[in-house]
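Before any comments, here is the structure.
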Amino acid sequence: MDEILLARLQFGVTSVYHFLFIPLTLGLSVLIAIMETIYVRTGNEMYKNMAKFWGKLFLVNFSMGVVTGIVQEFHFGMNWSEYSRFMGDIFGAPLALEALTAFFLESTFLGLWIFGWEKLSKKMHAATIWIVALAGNLSAFWILVANSFMQMPTGYVLQNGRAEMVDFVALLTNPYVAVQFPHTVAAGLVTGGVFVMAISAYHLLKNSSSSLFKTSFKIGVTCALISAFVVGGTGHMQAQFLAKAQPMKLASVEALWKTADPAPFSIYAAIDEKNGVNTTEVQVPGALSMMVYNKFAGEIKGIHDLQAEYSQKYGPGDYIPPVTTLFWSFRIMAGAGGWLIAIAALGALLAYTGILERQRRLVLYAALFTLPVPYIANSFGWIVAEMGRQPWIVFGLLKVEQAVSPTVPASSIMISLIGFTVIYAVLIVAAVYLMHKFAIESPVDTDVSSQDRPVKEATLWN
Amino acid sequence: MELNVLWFILITVLFTGFFFLEGFDYGVGMLMPFLGKNDIERRMIINTIGPVWDGNEVWMITAGGALFAAFPSVYATLFSGFYLALFIMLVGLIVRGVSFEFRSKDDHPMWRSTWDWMIFIGSMLPALLWGVAVTNLLQGVPINAKMHYIGTFFDLLSPYTVLGGVAFLTLFIFHGALFLSLKIEKGPLVERARNAALRFGVLAAVSCIALVVMTYSHTDLFKSAGAGIALWGAIAAFVISYLFTVRRRFGWAFVMSGLTVALTTIAFFWGLFPRFIVSSLNPEWSLTIYNASSTPYTLKIMTFAALTLVPVVLAYQIWTYWTFRKRVTARDLEY
């Protein structure tokens with residue numbers, strides 16, 4: 001195998017692996033902060049136990065995110081040295097700012113949160129987890145600023161054989177950030193919400209009277225449902241934006257080979273990438289135009305026309321990303337998103353109304369088995385975003401093949417690829433083992449309020 | 001001051017902070033399986049750095065990020081050139097990071113001892129490899145006119161650089177032992193930490209003096225008066241630290257071991273200045289603060305960010321150390 005393929009494989013493996021943990025860090029930190037805030041405001045010990053229960057799971061997950069994040073930072077220089085040279089003037093700044101503004105806060109205050117239960121005042125302690133949650137999401141902002149430049153360069157000039165920054169504000173206000181950042185943060189909240197919902201459902205199936213998990217379930221579904229709508233909404237905005245910013249990505253995601261007006265949406269397509277046609281298609285006429293232009297008309301450019309256009313603009317070459325992978329990745333992501341909205345809605349109906357009381361166990365089982373779904377959606381979402389940029393590493397400026405480290409031999413990349421993969425595999429077994437153990441453990445469950453006064457939700461569940 | 005120079009200083013500050021803080025973390029990590037005779041003691045030892053190690057590690061992450069932002073070509077050449085060495089370091093950092101989190105979360109003895117040894121290995125590898133890396137930068141590595149490293153992994157290992165690794169390693173163990181003697185409940189553990197400091201102090205003394213001698217013969221560090229003074233200052237601080245250790249004045253001993261680490265780092269960077277990576281093929285091909293830097297515009301933005309943010313970071317990190325200032329006792333093992 002050649003260096004480029006190995007380097008790409010390594011980047012893909014590490015990024016997807018890293019992003020298995022990050023969304024939960026982003027979302028669950030917020031939920032724990034909310035739980036602890038309720039504890040501080042009401043003095044109800046149950047919320048403290050709740051924060052501690054989810055906190056244990058959070059920490060196992062967090063440490064996995066941290067250690068894979070170090071690899072992410074080193075990777076650019078190790079495997080993509082020419083990318084780093086070409087982009088350092090622009091890409092380095094958000095990374096350094098991510099460390100300065102976010103990582104320091106996140107790691108320092110998480111240490112305070114873990115070890116500070118007895119050493120800090122209640123309010124101060126709750127503040128530390130809020131800082132962790134905000135810092136985590138702030139770090140997502142910075143890395144998405146960096147990534148957005150790769151998708152849609154702004155605020156730069158090409159000079160001295162590299163991209164040089166001329167407008168830092170343009171970097172921050174890149175419209176790509178505006179659609180990608182809320183989408184990612186909301187996806188994190190969905191992941192956190194579903195995680196809490198699913199594990200609470202497990203406990204409620206075993207012991208239906210646990211008020212800790214009833215309340216957790218409610219918090220989880222509420223967060224998951226609201227955020228899933230935000231994910232869908234911002235995803236829709238992203239698609240509309242792609243039509244202007246990265247039409248090739250949109251056309252490839254839809255396997256739309258020929259320019260069409262109105263453009264149909266394919267539910268299924270048998271794609272022949274070699275000949276650039278779909279042999280079979282199941283389509284909803286005009287639906288793609290509707291999604292992009294909010295009406296059943298409007299031209300969407302096809303892959304062939306874009307290929308011709310790019311060849312003229314950037315010189316001869318193959319500008320078509322892997323269409324089949326993109327087509328199906330997008331459908332898996334969107335399908336998973338639909339499933340999440342449906343299950344979160346059912347969960348919310350159960351938690352807030354009496355409607356699904358009779359189907360209670362069925363809904364709880366569905367909630368439990370939804371646990372992997374946000375992970376699937378997150379991973380395939382990034383596959384769409386990154387593979388849709390191929391063959392570019394920085395859209396329109398630098399191709400992947402120009403970015404790889406010229407002096408690192410394939411054997412070195414192979415060694416590190418195998419090494420990392422083995423370590424990742426071993427560690428995920430250990431992490432899942434621990435998380436499973438803590439997830440099924442019964443927490444200290446003392447609801448002070450339920451002893452003193454009747455619980456409001458009591459009728460819904462008993 | 002010229003921004004390129006200022007950023008060289010800032011990078012030096014970040015690496016100094018990193019080696020000072022992670023130096024004792026690595027030391028504690030390496031000593032833990034040996035000084036902790038039972039599970040309770042091992043947990044106490046880990047908890048001395050428990051609340052802070054992750055924040056300390058961010059100094060390294062920030063140094064890497066700052067290098068990327070301010071001197072992208074240094075970042076690119078260094079990280080692609082030292083590829084396998086960095087891979088080994090990453091392996092260490094990965095297993096170390098999760099081990100702190102994982103080890104106490106299951107009480108099977110096999111589980112705990114496995115992660116304890118991972119903490120040991122994960123602390124040893126980066127300590128050793130950073131020493132190898134820093135001495136390589138100064139001694140010079142094969143870098144061609146295109147700023148590409150054209151050697152192999154084994155070209156990074158020479159008597160001088162291996163000695164650099166051993167010196168960093170033993171110095172960090174010494175530094176970590178002193179941190180432990182300050183942070184752990186008074187009693188037999190403090191005695192054991194002190195004995196470790198005295199013993200590894202001898203090793204550190206031998207390797208550091210050898211390092212100074214070889215630095216004189218293998219590099220041009222002493223051509224810079226400032227670097228030379230800093231390096232002799234480091235040796236002096238080390239001797240004072242050792243004497244304080246003998247007299248059980250652990251607070252001062254730790255301050256002085258920290259000063260040793262800081263002055264050593266400063267000496268090496270001072271000796272490099274204005275270069276970052278010396279080319280052994282042709283001095284003209286060395287990476288410097290001029291030929292490897294970002295644009296003045298980017299440096300200006302980063303300067304503004306760094307000068308406002310680093311003091312804030314220092315403030316809350318110091319506050320964290322203040323919050324956890326008490327010695328760790330066997331009763332503090334809730335986590």
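Positions of Cβ are set from backbone N, Cα and C atoms, glycine also.
Keep in mind that TrEMBL annotations are predicted by a computer and have not been checked by a curator.
Marked as transmembrane segment by TrEMBL: A:20-41, A:53-71, A:91-115, A:127-145, A:185-205, A:217-239, A:328-350, A:362-385, A:413-434.
The transmembrane segment (A:217-239) makes contact with the transmembrane segment (A:20-41), as judged by at least three Cβ pairs under 8 Å among residues 6 or more apart in sequence.
Counting residues 6+ beyond its ends, the transmembrane segment (A:413-434) has Cβ neighbours under 8 Å at 1, 3, 6-7, 9-10, 13-14, 17, 20, 60-61, 64, 68, 71, 78-79 in the same chain. Within its own chain, the transmembrane segment (A:20-41) has Cβ neighbours under 8 Å at 47-48, 50-51, 54-55, 57-58, 61-62, 64-65, 68-69, 122-123, 125-126, 129-130, 132-133, 136-137, 140, 184-185, 187-193, 195-196, 219-220, 223, 227, 374-375, 378-379, 428, counting only residues six or more beyond its boundaries.
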